[in-house]
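Inspection log for the structure reproduced underneath, given as structure tokens.
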Amino acid sequence: MSSTFHVRGGRPLDGEITVRGAKNLVSKAMVAALLGEGPSVLQSVPDIRDVQIVSELLSIHGVKVERDVAAGTIHMDPSNVERAHVVDIDAHAGSSRIPILFCGPLLHRLGEAIIPDLGGCRIGDRPINYHLDVLRNFGAVVDKRELGIYITAPHGLHGTKIHLEYPSVGATEQVLLTAVRAQGITELTNAAVEPEIEDLIAVLQKMGALISLQTDRTITIEGVESLGGYQHVALPDRIEAASWACAALVTKGSVFVRGAEQKPMATFLNIFRKVGGGLDITEEGIRFFHPGSPLRAIAVETDVHPGLMTDWQQPLVVALTQADGISIVHETVYENRLGFTSALNEMGAHIQVYRECLGGSSCRFGRSNYNHSAVVSGPKPLHAADITVPDLRGGFSYLVAALGAEGESTIRGIDLIDRGYESFREKLTALGAEFWEN
Ligand code: EPU
């Protein structure tokens with residue numbers, strides 16, 4: 001399939017699309033299936049590349065994976081988990097960050113784990129030090145080798161006390177997926193509490209795990225001897241929903257996102273309304289629309305849940321280029337997630353980035369050299385450009401900008417968007433967008 005996309009912008013997106021399960025839960029719930037003695041069934045699974053990658057990683061470890069793409073169902077039978085060949089593992093090097101989460105389950109099932117070099121979006125250094133520290137805390141021995149990381153647990157995995165210096169989503173998941181079958185009690189403080197993590201806890205509870213989440217970001221896990229399979233419907237993708245919401249605003253359109261859920265999106269909905277966007281919130285989904293009147297500038301900062309998600313930031317910035325006045329966006333989760341703004345400037349936006357923490361509070365990047373605050377002056381009409389997708393969310397944001405721009409834009413590397421946005425071509429067509437690929 002070609003990876004160059006041409007978009008003729010300037011038409012409102014209008015219509016309805018559906019979001020299915022959240023990429024950032026589905027992949028982790030699939031890893032959790034490895035821990036069960038019996039088969040698991042996950043529903044509302046989107047047809048995205050990350051799901052394909054995790055399916056392959058499970059398969060090379062002996063899990064029988066059967067997928068009904070149209071129905072969005074995955075059956076995973078881990079009865080015959082086995083060691084994977086190093087070449088098969090290495091074939092997945094650079095494809096995703098999910099392999100690091102296989103460590104705990106593989107250590108429990110096989111006594112060892114080999115992890116390839118990781119991939120994922122280039123939005124900062126994205127180190128794995130928290131993950132490796134967590135595993136060592138449980139008693140694992142980590143050996144970094146040329147072809148990846150080799151992890152063993154010569155004396156088994158034991159419950160422990162862990163404090164995260166930052167409430168990392170991935171490190172919290174690492175603790176959960178390791179502690180549920182470790183011997184004894186694990187107490188995790190300063191844990192991430194994103195809705196996707198609560199949903200993973202729900203999956204693990206269905207499997208027989210004992211996990212309690214306190215109000216102060218503390219999670220206590222009592223290890224159990226064995227776990228069963230699960231049957232679960234993944235929570236909807238609130239990042240995808242917000243991305244389409246911003247597309248509605250930028251194109252002065254109206255998009256009903258079937259499946260979008262209010263509660264996990266509450267913070268985004270407040271911001272959307274403050275900017276001047278229109279909302280109809282129903283049980284079936286949420287309609288996001290441009291009200292016809294000018295949009296308003298705002299000051300926002302990204303944060304861990306329940307703050308404004310970093311993954312909402314990029315499409316929101318595109319919307320703010322159309323707001324009346326000066327908006328400030330302070331990115332506090334990733335040190336390098338504003339690089340995508342230079343292409344928006346080529347399209348006519350006026351965005352300046354700064355090393356300082358702008359907009360009120362100071363964050364852990366404040367004394368570093370990272371451009372992690374942006375000042376967006378609007379409204380600035382966008383015009384077509386020839387741009388290349390930088391990362392998943394940045395890529396979708398370029399698509400949004402091109403849809404709102406006058407003229408014909410060329411977007412290169414569009415395949416990256418398939419990692420996390422299900423059937424986005426079909427959805428664009430349903431909403432009346434004009435585009436073609438060659
Ligand atoms: N961090 C470390 N060391 C680590 C792990 C994280 O310093 O070992 C730092 C990161 O560099 C970052 C911060 O901690 O500055 C937060 O990272 P976190 O671990 O929370 O992120 P993640 O688990 O790698 C997941 C999502 C991201 C999403 C973040 C924050 C998945 C597969 N990825 O990443 O989603 O932005 O949580 O909510 O769940 C995306 O979907 O496009 C995406 C990037």
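The backbone N, Cα and C atoms fix where each Cβ goes, and this holds for glycine too.
Straight from TrEMBL, the features:
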- 7-428: domain 'Enolpyruvate transferase' (DOMAIN)
- K23, N24: phosphoenolpyruvate binding site (BINDING)
- R97, D311, V333: UDP-N-acetyl-alpha-D-glucosamine binding site (BINDING)
- C121: active site, proton donor (ACT_SITE)
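Where TrEMBL records a feature, it is marked here on the structure.
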residue : record                                        : DSSP (3 states)
K23     : phosphoenolpyruvate binding site              : helix
R97     : UDP-N-acetyl-alpha-D-glucosamine binding site : coil
D311    : UDP-N-acetyl-alpha-D-glucosamine binding site : helix
V333    : UDP-N-acetyl-alpha-D-glucosamine binding site : coil
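Put simply, N24 (phosphoenolpyruvate binding site) is 11 Å from D311 (UDP-N-acetyl-alpha-D-glucosamine binding site) when counted between their Cα atoms. Rounded to a whole value, the Cα-Cα separation of V333 (UDP-N-acetyl-alpha-D-glucosamine binding site) and N24 (phosphoenolpyruvate binding site) is 16 Å. Looking only at other Cβ atoms within 10 Å, the busiest spot among the binding-site residues K23, R97 turns out to be K23. The average pLDDT for the domain 'Enolpyruvate transferase' (7-428) in the predicted structure is 95.
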